[in-house]
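**Q** First, the structure itself, so that you have it in front of you.
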C-alpha cells in the first residue's frame with residue numbers, strides 16, 4: 001500500500017520564526033508527491049524532513065505572494081540536479097504567468113527536466129486522470145488566489161464472503177469486472193451484487209482568504225482540510241483588513257464542509273505558541289490540529305469504506 005500522508009515542511013506566514021519556516025506542504029499519495037505553496041527555503045526543509053525531493057511530481061501555487069512561491073525556482077533546480085525522469089506538473093493562477101516565469105528562469109542553469117505548466121484561468125476541474133481529479137476554485141484574497149480539492153477515483157471492491165459463496169476465483173474475476181456479469185453453472189452473477197463502490201478520498205488545501213463559499217465547496221467531506229488561520233480572534237480586525245482568516249473562522253468553515261480533520265497553518269509570526277489556534281478552533285471543530293514543522297498527518301486508506 002502506498003504512503004498516504006501530509007507532511008508539514010513549513011507553517012509560518014510571510015515572516016518565518018525560529019521554529020517555523022515559510023509555508024510548504026507535501027502530500028504523499030498514490031505514489032506521487034503533491035507539493036503546495038513552496039515558500040522560501042523549501043528545498044532545505046526536505047533535508048530536515050528526511051524526504052527525497054525527487055518524490056515531487058506536482059507543484060501547486062495558490063497565488064504569487066512570496067511566502068507561497070519563493071521556493072519554486074530552487075525546487076525546480078533541485079529536481080533538475082537530481083535528474084528526475086518523471087514530468088513535473090505545475091498548477092497556478094494564469095494571471096501570475098509572468099511571476100512563474102521569473103521564478104523558473106530567474107538564474108542561469110541548464111534545464112533538462114520536463115516541466116508541464118497548467119495556468120488556470122477558470123474554476124472547476126483542472127485535470128481528471130488515473131490517480132486524481134484536481135479541482136480549483138477562486139478564494140477571496142488581495143490577489144488572484146486558488147484553493148484546491150484533490151480526489152482519488154472511486155474503486156470497486158469485492159465482498160469476500162459473497163465471492164467465496166459464489167465459488168469465484170482466478171481469471172473469471174477479471175471477466176466479472178470487465179463485463180459486470182458472468183455465467184457460472186448456468187447461473188448469471190452480477191457485479192453489483194458481489195461488490196460495493198469505495199468512494200475515493202479527497203483532500204482540500206485552502207490558502208490565504210477571507211471566509212467564502214468556495215471553501216465549503218472544496219472541503220466537502222474531505223479527509224484532511226489544510227487551511228490558513230493567520231490570526232486568532234483577538235486580532236480579527238487584522239484578519240479582515242489583510243484578507244485572512246482566524247482559527248475560529250477556519251473551524252466554522254470546516255464544520256460547514258463536513259471535513260473529517262482540520263489542520264491549521266500559515267500562522268502570523270506574532271504568535272509564538274500555535275497551540276492557541278488549536279484551542280480556539282477546537283471549541284467549534286474538535287478534530288483540529290495546529291500544524292507543526294515536519295509533523296506527519298497520515299490518512300490511510302480504509303478498504304471497507306463505502
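A Cβ is built for glycine as well, from the same backbone N, Cα and C atoms used for every other residue.
Copied straight from Swiss-Prot:
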type     : residues         : note
ACT_SITE : 67               : active site, proton acceptor
BINDING  : 63, 65, 141, 208 : Zn(2+) 1 binding site
BINDING  : 67, 68, 208, 266 : Zn(2+) 2 binding site
**Q** Beyond the listed site residues 67, 68, 208, 266, identify every same-chain residue whose Cβ lies within 8 Å of the center of their Cβ atoms for the Zn(2+) 2 site.
**A** 13, 14, 22, 23, 37, 39, 62, 63, 65, 207, 228
**Q** What other residues of this chain sit with their CB within 8 A of the center of the CB atoms of 63, 65, 141, 208, the recorded Zn(2+) 1 site?
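**A** Leaving out the recorded residues gives 62, 64, 68, 139, 142, 143, 145, 207, 209, 243.
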**Q** Ranked by the number of other Cβ atoms within 10 Å of their own Cβ, which of the recorded positions 67, 208 ranks first?
**A** 208
**Q** Taking the binding-site residues one at a time (68, 141, 266), which has its Cβ surrounded by the most other Cβ atoms within 10 Å?
**A** 266
**Q** What is the total of other Cβ atoms whose distance to the Cβ of residue 65 (Zn(2+) 1 binding site) is within 10 Å?
**A** 21
**Q** I'm trying to understand the geometry here, so how far is the Cα atom of residue 63 (Zn(2+) 1 binding site) from the Cα atom of residue 266 (Zn(2+) 2 binding site), in Å to the nearest whole number?
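**A** One finds 14 Å between the Cα atoms of these residues.
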**Q** How big is the gap, in Å, between the Cα of residue 67 (active site, proton acceptor) and that of residue 141 (Zn(2+) 1 binding site), rounded to a whole number?
**A** 14
**Q** If you draw a 10 Å sphere around the Cβ of residue 63 (Zn(2+) 1 binding site), how many other Cβ atoms fall inside it, taking every protein chain shown into account?
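**A** Result for residue 63 (Zn(2+) 1 binding site): 23 other Cβ atoms within 10 Å.
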